[in-house]
Amino acid sequence: MDNLLRHLKISKEQITPVVLVVGDPGRVDKIKVVCDSYVDLAYNREYKSVECHYKGQKFLCVSHGVGSAGCAVCFEELCQNGAKVIIRAGSCGSLQPDLIKRGDICICNAAVREDRVSHLLIHGDFPAVGDFDVYDTLNKCAQELNVPVFNGISVSSDMYYPNKIIPSRLEDYSKANAAVVEMELATLMVIGTLRKVKTGGILIVDGCPFKWDEGDFDNNLVPHQLENMIKIALGACAKLATKYA
């Protein structure tokens with residue numbers, strides 16, 4: 001047990017150069033059955049790890065849980081032990097409800113740092129930016145599958161339920177043309193840059209936080225679009241695994 005990573009509970013030798021990360025451990029199970037084959041590795045707390053085999057390539061799929069503090073633990077253990085590329089595939093809310101609807105897919109090139117962890121690692125002026133090769137590969141995989149996607153900036157916020165004491169800033173970010181909101185991508189991008197690990201993100205919309213009171217939210221993601229997001233992410237991981245082995 002001593003040679004296992006403290007939280008992921010896998011060994012350094014089991015970490016692949018390319019890793020696909022998701023928030024929900026249940027989504028790991030949905031992803032692994034799309035692969036050609038897989039090997040279950042570990043499940044500790046919110047961190048479930050599976051070795052995936054897809055299109056002749058091997059890479060991990062690991063869940064990181066909800067929010068910046070827990071996901072940072074996952075990302076640090078991956079980055080410090082051999083990961084070279086990490087892609088986050090997750091859900092998000094639309095900040096442009098007239099354009100980006102529930103079930104749409106967004107590939108993000110950068111994120112707004114409304115988390116806390118990244119500000120404890122580097123000054124607030126430091127950007128949260130993904131790697132262009134990862135971003136480009138995700139977009140090309142979407143094109144190959146004939147799946148339309150949006151591109152844009154995500155707001156990564158530690159706050160899910162707002163309080164009246166301090167107003168949410170999502171309206172401001174919407175006016176500034178940020179595309180979507182989620183909770184972990186900025187943390188990944190900052191840690192990736194600091195650790196010289198390439199990062200990227202692909203997200204599926206579950207609703208719009210501005211319209212929750214109108215019923216614009218469904219935790220059961222649009223099934224065929226969830227499948228499309230998974231296939232895009234897996235395809236990108238396979239392509240990148242040939243380059244960053």
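For all residues, glycine too, the Cβ spot is worked out from N, Cα and C.
The candidate list Arg6, Arg45 contains one residue that Swiss-Prot assigns to the phosphate site with Gly23, Asp24, Pro25, Gly26, Arg27, Arg88, Ala89, Gly90, Ser91, namely Arg45. Just so you know, the Cβ of His7 (purine D-ribonucleoside binding site) picks up 16 other Cβ atoms within 10 Å once every protein chain is counted.
Cα of Gly23 (phosphate binding site) to Cα of Glu184 (purine D-ribonucleoside binding site): a span of 8 Å. Arg88 (phosphate binding site) falls within a strand when secondary structure is assigned with DSSP. Annotation note: Asp206 (active site, proton donor) sits in a strand segment as assigned by DSSP. Asp206 (active site, proton donor) and Arg27 (phosphate binding site) are 15 Å apart (CA-CA, integer value).
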